[in-house]
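**Q** Here it is: the structure, laid out below.
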Amino acid sequence: MEKEFVFGHQNPDTDAIGTAIAFSYLQNKLGYNTEAVALGEPNDETAYALKKFGFEAPRVIKKAAPEVNAVMLVDHNEPQQSVSDIDKVKVTHVVDHHRIMNFNTADPLYYRAEPMGCTSTIVWKMFNENGIEIPEKLAGLMLSAIISDTLLLKSPTTTDDDKKAVEALAKIANVDYKEYGLAMLKAGTNISDKSEEELIDLDAKSFALNGHNVRVAQINVVDLPEALERKDAFLKAMEASSNDNGYDMFMLLITNILDSDSEALVVGSDETKELFEKAFDKKLNDSEVKLPGVVSRKKQVVPPLTEAFEG
């Protein structure tokens, strides 16, 4: 059977990489010939999880078409978040937990989208539905993905299925998920050794909102005031990135994983800043605003932005 690539979105997080590995394993068990690849290097948190459970990072690809004719997508569907030549390959499978936007195919496909906290939760359900056993180390990686996306089950995106998956996978992986989860999340919060340019690109996604190209980046920290000491440098990097890439607005969400509070930094035109303020019903103060309890880009940031920009 002809090989297909399985991959998550650009600037991959633990869900994008971990779930690509898990879904590739599942599909191979079901008779497909797949390879899990990535659209970027793993971040510190993901590297911690990969090392903990004995996985090599998937190789990074820039294009898919030179090697394969077909691909399977996990943790995304929007083409601007996918491989650069996504229009040159056939998408045969999508497993995702985000909104569906700007996604079209010429042929029928397998598409599974559920409002779960993490794509790995959906893949866990698929393992169970197909009666396929999850190996211990893979269970640990899938567990890591769910912990990452749900901030140790504290995010408002968390569902009962996410909680069930965490309990089940932790048992298979033989780990205390609370102890391991906090250690893994903390591994991803060291920002001192990275430049502002690196940080605003680590976990960033682009969204097309009513003709506007909106970039939303997020970084997790354990010390919010310390991170905000770099505010001016962050804003400068965001302005430069916007100019280079044609973003109409760039939002950086800085989230304290310990108390689930965030601050947002925003650059853009007067128009897009007004739309941002409309979305969150808050006024920006020197390009900054407090967003208590906002931790999820998917559930708490993109929906109000979409409503404001398209309203």
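Each Cβ is built from the backbone N, Cα and C atoms, and glycine gets one as well.
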**Q** Return the residue out of D44, D87, D149 that Swiss-Prot annotates for the same Mn(2+) 2 site as D15, D75, H97.
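**A** Among D44, D87, D149, only D149 appears alongside D15, D75, H97 as Mn(2+) 2-binding in Swiss-Prot.
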**Q** If the Mn(2+) 1 site is taken as the center of the Cβ atoms of H9, D13, D75, which further residues of that chain fall within 8 Å of it by their Cβ?
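**A** In sequence order, the nearby non-listed residues are G8, N11, P12, D15, A16, I17, T19, V74, H76, Q81, T119.
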**Q** Hey, how far is D75 (Mn(2+) 1 binding site) from D149 (Mn(2+) 2 binding site), Cα to Cα, in Å?
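**A** The Cα atom of D75 (Mn(2+) 1 binding site) is 11 Å away from the Cα atom of D149 (Mn(2+) 2 binding site).
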**Q** Taking the Cα atoms as reference points, how far is D15 (Mn(2+) 2 binding site) from H9 (Mn(2+) 1 binding site) in Å?
**A** 10
**Q** Going by a 10 angstroms cut-off between Cβ atoms, which of the binding-site residues D13, D15, D75, D149 has the sparsest surroundings?
**A** D13
**Q** How many other Cβ atoms are found within 10 Å of the Cβ atom of H97 (Mn(2+) 2 binding site), counting all protein chains shown?
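**A** For H97 (Mn(2+) 2 binding site), the 10 Å Cβ neighbour count is 26.
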**Q** Which whole-number value in Å describes the distance between the Cα atoms of H97 (Mn(2+) 2 binding site) and H9 (Mn(2+) 1 binding site)?
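**A** The separation of the Cα atoms works out to 12 Å.
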